[in-house]
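Undergrad: Okay, here's the structure, questions in a sec.
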Amino acid sequence: ADCVGDGQRCADWAGPYCCSGYYCSCRSMPYCRCRSDS
C-alpha cells in the first residue's frame, strides 16, 4: 500500500496513511500531517 512520509498530509480515518515510523498528527489544523514516531 502507498504511504506518505514526513510532513505530508494524512488522514487517520480514511488515508492517505503515514509510512512506518511516522504517525498522523492533527495538531496543525486544518490539516493532519505525518510526524516521526521517535
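Backbone N, Cα and C atoms are what each Cβ position is placed from, and that goes for glycine too.
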Undergrad: Which residue in the list CYS3, CYS10 does Swiss-Prot annotate as forming a disulfide bond with CYS24?
TA: CYS10
Undergrad: If you look at what Swiss-Prot says, which of CYS3, CYS18 makes a disulfide link with CYS34?
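TA: So the cysteine paired with CYS34 in Swiss-Prot is CYS18.
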Undergrad: What is the disulfide partner of CYS3 among CYS19, CYS26, as given in Swiss-Prot?
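TA: Disulfide pairing in Swiss-Prot: CYS3 with CYS19.
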Undergrad: Looking only at DSSP and grouping its letters into three states, which state does CYS26 (disulfide bond) belong to?
TA: coil
